[in-house]
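Chemist: Straight from TrEMBL, here's the annotation block:
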type: TRANSMEM; residues: A:47-64; note: transmembrane segment
type: TRANSMEM; residues: A:106-123; note: transmembrane segment
type: TRANSMEM; residues: A:135-159; note: transmembrane segment
type: TRANSMEM; residues: A:171-193; note: transmembrane segment
type: DOMAIN; residues: A:294-333; note: domain 'RING-type'
type: REGION; residues: A:340-460; note: region 'Disordered'
type: COMPBIAS; residues: A:349-359; note: compositional bias 'Low complexity'
type: COMPBIAS; residues: A:360-370; note: compositional bias 'Pro residues'
type: COMPBIAS; residues: A:371-386; note: compositional bias 'Low complexity'
type: COMPBIAS; residues: A:397-414; note: compositional bias 'Pro residues'
type: COMPBIAS; residues: A:415-456; note: compositional bias 'Low complexity'
type: COMPBIAS; residues: A:546-557; note: compositional bias 'Polar residues'
type: REGION; residues: A:546-660; note: region 'Disordered'
type: COMPBIAS; residues: A:558-575; note: compositional bias 'Low complexity'
type: COMPBIAS; residues: A:584-593; note: compositional bias 'Basic and acidic residues'
type: COMPBIAS; residues: A:607-635; note: compositional bias 'Low complexity'
type: COMPBIAS; residues: A:638-648; note: compositional bias 'Basic and acidic residues'
Amino acid sequence: MPAPMPVGALTMASFALTAAVIGNAYYQKKQFYPSVVYITKSNPSMAAIYLLAFTMVILLGKLLKKVFFGALRAAEFEHLIERSFYAVTETCLAFTVFRDDFSPKFVALFTVLLFLKTFHWLADYRVDFMERSPVITLLFHVRVTCLLLLLSLLDLVLVNHAYHSTITRGASVQLVFGFEYAILLTVALNIGVKYVCHTVDLQSENPWENKAMYLLYTELCMGFVKVVLYAVFMIIMIRIHTFPLFIIRPMYLTMRSFKRALNDVILSRRAIRNMNTLYPDATPEELRAVDNVCIICREEMLTGAKKLPCGHIFHASCLRSWFQRQQTCPTCRMDILRQPPPAQGGAAGAAAAARNAQQPPTPPAQPQTPQPQQQQRQAQQQMPNPFAGLFAGMPMPVGPPPVGLPPFPFPPMPMHQAQQQQAAAASASASTTEAGTSSSTTTTSTSTSSSASSTGQAGGAIPTAPFNMLPPLFPLLPFNIPPPPPPLNFAAMTEDEVRQLEGNERQHVEARIKVLRNIQTLLDAAVVQMNQYASVVASLDMNSQSIPRNATPQQAGATESASAPEPSSSQAAEPMVGAAADRANSRDPDSLKEATSVTSNDEAARSEVTSSTSVAASPSSLSSTTTTSASADTSTPDELHPDSPQEIRRRRLERFTQNT
Amino acid sequence: MAGRALKRLMTEYKQLTLNPPEGIIAGPTNEENFFEWEALIMGPEGTCFECGVFPAKLIFPPDYPLSPPKMQFTCEMFHPNIYPDGRVCISILHAPGDDPMGYESSAERWSPVQSVEKILLSVVSMLAEPNDESSANVDAAKMWRDDRDQFNRIAERLVRKTLNLPYP
Ligand SMILES: [Zn+2]
Ligand SMILES: [Zn+2]
């Protein structure tokens, strides 16, 4: 403990002074009682006596500190000094209200209060320290137990004293003391509960999962009691005296911590609920597949592990405490709230419905147009993963079918491309094409004429479409504000709820149209990809390993820019209807390149749509698409290094096509 | 059963002792309190901080690893990303949400995946390559940009100081 010298000097000085005062009095009066009377009548003598008393109190405090705490750590001492400063200022402010009561007795009471306060704080630090130190001795337990009992007892006695004094003699400064001790009593209780929790936890072999929860609730209860105490005290003070300025700061701090505790409780309850309902337990096989260590606590996971939608596995308890801070996966930072796992879509849908049901009901403004909306919803529903939904089968397996409407009204659309396709991939791409046309039809039924041209292209088998349409449309894909996940199951909802869920405002319709257009573009790209891929595979008759199916976006951009200067692909809007297929059939190396670039383009696009709800994932692919568009638009000749992997791959592909 | 934070710190300490990364030594100042660590960081080779041995302290919050620790060099430092009082300002030490400099994406922020070792390695690479976008020490950042020779001279003085060598 620093500053032993001033205390030592003070002790010496006060003892010397007191000795001098007593000696002087005895020298003058020669007898005991007259000396005492003389000392009490003389102000300087009394000052010396007070000084001695003060010194004695400090020494006693130091002794008690030695007994209960031993040496203080530097951090503890710093905290103590800081908090004492505030305590002293506030109590001095309190005394200005009760300045009539000011007397040595109250100074003494005030000193006692300050000492008790510091002891409470120190006890708090020490109990918190239990969680930090690997060595907790028996002495520690004895000290903390005795201290807590003593402090609670003292608080009780002093509260009682203040109460009786106020009752019998009316409001005085005792009111302030009684209130302060009541607060301290709650603090002592809180520390006691904490201590018991920590001790129980230390004794048990396994981690005590609910400890944090108990501590949180204790904090909440004590916070509530304190807030009530402050409120009562404030009301009493305002009625008796004036506005108690000195409790503003502690009251504010208490309310803030109460609010925080409340918030923590809510967040942790939500985390627990999510944990129990949304995320499956990790199976032993999954645990074995990963290296079995929880990245949060760095310990082995044996039981109670949970698997997040992104596939990362953690201890349920670790995850719970993390979710109180942030609703993201600790490893990949995926936002877990924005991406309800597909298995639990029903629950999420119900939640969304409940959310929507809370909004004031908006009766449909145009009752004559519910049918397109139904279609749009179906399309929108598949938005998170349009391909999975589309390839799975045409009649949607969800909910009641739209009233009086076939699932997918096919308009008479020309489907040349189905005939052009090679047999290898015919069935798969056919379904894609159908889906593409149907969704584009849906768009045309509600949207403006601008989409008509694109629809025509989509119907007309369209290799150019991706090149002309992708660049402007792709930046739209990663929504800045992702729409709420649509429910997967409408069976549990009434007709009205469904209608409310839909929304009839202009922005909703526009958003829907935008989504539909994006899907359409994607489908167009997919069709082109499948066409070209199938034809290339068939014509080359080789195993698909040689084709860089999963070319990275950068490679796509490079390959595309390599092929851009060639006249065939730079003719943009022209009748590319059969061009790609023709070129593919004529074994032109360009078509290969284009096929690969479209493939990768489309893969980037697909990944964007499937993860369109997680904004964080998109920037890289977004930038890649913009790069692609830039290079395609400006037709810059490539300056690829001859040894770069793209160049090597290009050369290899050329050789390949020449050989066959 | 000890607290979760304590257990993890003990695990990390064991890990760092058993196989320490090059140029880094770290451990609790006092084994009774695992929440205050000392670290010694060697200046990375080929930089102006080469050969220096810089002491720092790490203070861990009670809810570690949910919240990041604080790191502060206890020797004199002159670096764009170190405050004049020694506090280190790198994104890995900031919890997502608080962004004093406003430059960092949340991808490089603190998460329980990070560890003492990763922090110290980031600090080493920060010594090698200051990030003058988020500067904790404006003078140092300016000098690093405009007057590299002067910066190197100051760094050399600091290196000599940490080694208790007289500066010519
Ligand atoms: Zn864990
Ligand atoms: Zn994850």
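Cβ coordinates are placed from backbone N, Cα and C, and glycine is handled just like the others.
All annotation found in TrEMBL is predicted automatically rather than curated by experts.
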Chemist: Taking the transmembrane segment (A:171-193) as the first stretch and the transmembrane segment (A:47-64) as the second, find out whether 3 or more Cβ pairs fall under 8 Å, excluding pairs closer than 6 in sequence.
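Modeler: Touching, no - the transmembrane segment (A:171-193) and the transmembrane segment (A:47-64) miss the threshold of 3 or more Cβ pairs under 8 Å.
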Chemist: Sequence-remote contacts (6 or more beyond its ends) of the transmembrane segment (A:106-123), Cβ cut-off under 8 Å?
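Modeler: Residues packing against the transmembrane segment (A:106-123) from afar: 53-54, 57, 61, 64-65, 68-69, 72, 76, 79-80, 83-84, 87-88, 91, 95, 98, 144, 147-148, 151, 154-155, 158, 173, 177, 180-181, 184, 187-188, 191.
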Chemist: Near the transmembrane segment (A:135-159), which residues from the same chain, at least 6 beyond its ends, have a CB less than 8 A from one of its CBs?
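Modeler: Apart from its flanks, the transmembrane segment (A:135-159) reaches 67-70, 116, 119-120, 123, 126-127, 177-178, 181-182, 184-185, 188-189, 191-192, 195, 199, 202.
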Chemist: Please count the residues of the domain 'RING-type' (A:294-333) that DSSP assigns to helix (H, G, I), strand (E, B) and coil.
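Modeler: Counting residues per DSSP class in the domain 'RING-type' (A:294-333), I get 10 helix, 10 strand, 20 coil.
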Chemist: In this predicted model, what is the average pLDDT of the domain 'RING-type' (A:294-333)?
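Modeler: Here the predicted model's pLDDT, averaged over the domain 'RING-type' (A:294-333), is 83.
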